[in-house]
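Undergrad: Relevant sequence annotations retrieved from TrEMBL are reproduced here:
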type: DOMAIN; residues: 179-624; note: domain 'Myotubularin phosphatase'
type: BINDING; residues: N334, I335, C420, S421, D422, G423, W424, D425, R426; note: substrate binding site
type: ACT_SITE; residues: C420; note: active site, phosphocysteine intermediate
type: REGION; residues: 489-509; note: region 'Disordered'
type: COMPBIAS; residues: 498-509; note: compositional bias 'Low complexity'
Amino acid sequence: MEGAGSWDAIEWTKIEHVGGSVSHGMADFLLEEEQVVVEGYGVVLVNTDDAGTLLVTNFRLLFVSERSRNIIPLGTIPLATIEKFSKQAMKVQSTTRQFDKTPPRRLLQVIGKDMRIIGFGFRPRTKQRRAVLDALWRWTRPLRLWDLYAFQCGPSRFSNSNPKLRLLNEYCRLLGKGSCNVSSSALEDGSFSISNDWWRVSGVNSNYTMCSTYPFALIVPKCISDEDVRQASTFRARYRLPVISWCNPDTGAVLARSSQPLVGLMMNSRSNADEKLVAALCTQVSGQKGPRRKLCIADARPRKNALANGAMGGGSESSSNYFQSEVVFFGIDNIHAMRDSLARLREYLDTHGAQSSDGMSSFMRNGGWTWGGGNLSSMSASVSTLGDSGWLIHIQSVLAGSAWIAARVAKESSSVLVHCSDGWDRTTQLVSLASLLLDPYYRTFKGFQALVEKDWLAFGHPFSDRMGLPTISGNSSGPVELLRQSSAGSISTSPVRTSSTSATSHAQTSTNSSPIFLQWVDCISQLLRMYPCAFEFSSAFLVDFLDCLLSCRFGNFLCNSEKERHHSGISDSCGCIWIYLADLRSSEGCSHAHFNPFYDPVKYDSPLLPPAAALAPTIWPQFHLRWACPAEAQAGELETQCRAMSKKFTDIQKAKEMAEAKARDVISSMESLTVELMKEKKLSTSAMDLAKRACRESLAIKRAIQSLGCKVHFSATGDCALDVGSTPLEIKQKFVYPPANDFDDDARVEEKTDLSVSISLAEDSIVSSNPETRHCEPLCPYRTREGCKWPDAECAQFGSQFVGLKANFDAFDRLSIYDCYFGSE
């Protein structure tokens, strides 16, 4: 791209309506309950010369590139993040420093609260720009709180828990009591009782009747009654009396906050109840002797501003009226100075950035032959412009004041009371930042949430007013602020950048809007740069947190006080920003970009007390430069590389664990198989023993049968034949025995081989074929002196029963088998 000259390459007349295919594809980019109001086709994002489709939805401006069919982040901005928008007719300055004769470009300039300035170009002779402008006028500043996208989307899967209970839990932690167990009825009527030796949690403001901008529960000195608290509140602006925001449970030192005292023009008004309450902040630890600790009263305003407020009944404390006290003025400017300072910083970044709203980088200005639109001296001029914005000076003032407060509490055990005019802008900045320096818990994700909810939300920072949003009453701060006022010079431009022929700007910002919270988060980014190992969260987390807050997608930061959020039921009607961010982190675990890879909680478990010389703030690259200088915004490249290496290490660790688990499974399987093998070996040995015993019994039976005059023959046919001599009757019977070879140590027989036993009755050569002449063998146990009684002899009876067609095993069992049969052969 070559700055403004690249506009000549865009053929506006060839960018036609793409048709239904684009509308059909747009549905994939929409969020839950997000609805398209207006679609503009052939729109050009001037900053990058990308042509695409511009959609106005009920939540954001959505720009989709025609070439890549992807959302362009620079051209996509939530409606609540838009601070101003204006239509312009701009002529482009050519490289020859002469204006060409082409018609002016129809432009829409959008200025965001997140430091971006966007330029959109529309086709001539169409009404697309007018349609987009009308949609922006209607949806960027709704008259009713309920018209915001957060209510239309609902809690969805990011439902919120009770913020009152979370506040009480933080109070219990500060008092050293752990978590609290308070019923819902006790939360509503203030009947809870939480205290330690010095402080207690009071429910005197449970119905917000004493102070509408304070939380329902307050930490006050234990020696101060609720009636004293009510009386003391009347002496402070908006009834914001001194209460404890943070306390050290070991030393008893406290950080307290309030609004300015109502001392009047002559600075002589006093309140006994207020002085008694402030003095109670400095009581010594019970049971110890010695003087009371010192009290420091930190007035965030310049001294002249405090004196000027005396004309309206306000002012500042007199050290003579508050025992052993010291009053210090920090000189921090008011909300209007901060708003103007941020506007100048944004204009500086757009002028000298790489992607400016006019499509021309700082290197290409004035024909591309000089840097920054002039000569080399413009380099120093640009630095001077940054200094003139005053933003870094304001950041340094807040940092220095917070460091001073933290040092008084940590090093001197002093109690510090902080206030400004109303006690909800500069006071909140100082108290919360000093608490973050003192307490390591606030430098974690959970602690950061507790800190923001306690000091910013519960103690009534007016987010709706500061962000220019409608309140519960219906209007932001009055109907005048919603008028589309014409302010032709509201966006300052360099004379060498553009030539505006008719610039009409519509300002949507209210006179009470101010980047107070953004400034506080910027201060945390400076501390993160100074102490890169002291925070659990990274700079990327702070950027995403701010984006969510400015978008108003969630309900946590709507309205001006806890009372308004409670009465409107926001916690039940809208999603929770903390649940959403936690869900993002859970997707990748500790390797997510929100985690600080250098976090060392052991080393940084004590207060951070930066010296004055270290409090030199710089531009916050990840936030300030991400739109104007996207390449240079990656200042945390080392952090990114470290996170990538950490992710690789985590993946390798997981792979190692999986391999070790597999190895354990294999070892377990091997052990199981070994046990099974041992069992099989035992069974095999037992079977062997049984087989050997059966073999011996078979041999004994063989001898016993042979003793009866029978011959035993073994074969592999499976049949057992009994042959009884020359008797014509042959009777066969099958018997299956274990093979005799199995028990021979040297023999090997195949499995499942059946050996049959053939038993035949041997023919006696001495005995004739006639049974009557037959005589027994000498070994026959039934032989008598009279000779053989065959066939009437008992042995003949046995033989007939044994060799019959149906064997008589009982008779066989009665045969006399002697032990000698089982002897070794």
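Placement of Cβ uses the backbone N, Cα and C atoms for every residue, glycine included.
The shown structure was predicted, so the numbers you read here are calculated from the model rather than taken from an experiment.
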Undergrad: Only counting partners 6 or more residues apart, tell me which same-chain residues put their Cβ under 8 Å from the Cβ of D422 (substrate binding site).
TA: A237, R238, R240, S259, Q260
Undergrad: What number of additional C-beta atoms lies within 10 angstroms of the C-beta atom of C420 (substrate binding site)?
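TA: So the Cβ neighbour count for C420 (substrate binding site) comes to 28.
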Undergrad: For the substrate binding residues given in the record (N334, I335, C420, S421, D422, G423, W424, D425, R426), what is the largest pairwise C-alpha separation in angstrom?
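TA: Taking every pair of listed residues, the largest Cα separation comes to 12 Å.
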Undergrad: Suppose the substrate site is N334, I335, C420, S421, D422, G423, W424, D425, R426. Which further residues of the same chain have a Cβ inside 8 angstroms of that site's Cβ centroid?
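TA: Apart from the listed residues, the neighbours are A300, T427.
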Undergrad: Same chain only, sequence gap of 6 or more: which residues have a CB within under 8 Å of the CB of W424 (substrate binding site)?
TA: T213, R240, S259, F459, G460, H461, P462
Undergrad: Return the count of C-beta atoms lying within 10 angstroms of the C-beta of R426 (substrate binding site), excluding that atom itself.
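TA: Excluding its own Cβ, R426 (substrate binding site) sees 29 Cβ atoms within 10 Å.
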Undergrad: Which whole number is the mean pLDDT over the domain 'Myotubularin phosphatase' (179-624)?
TA: 85
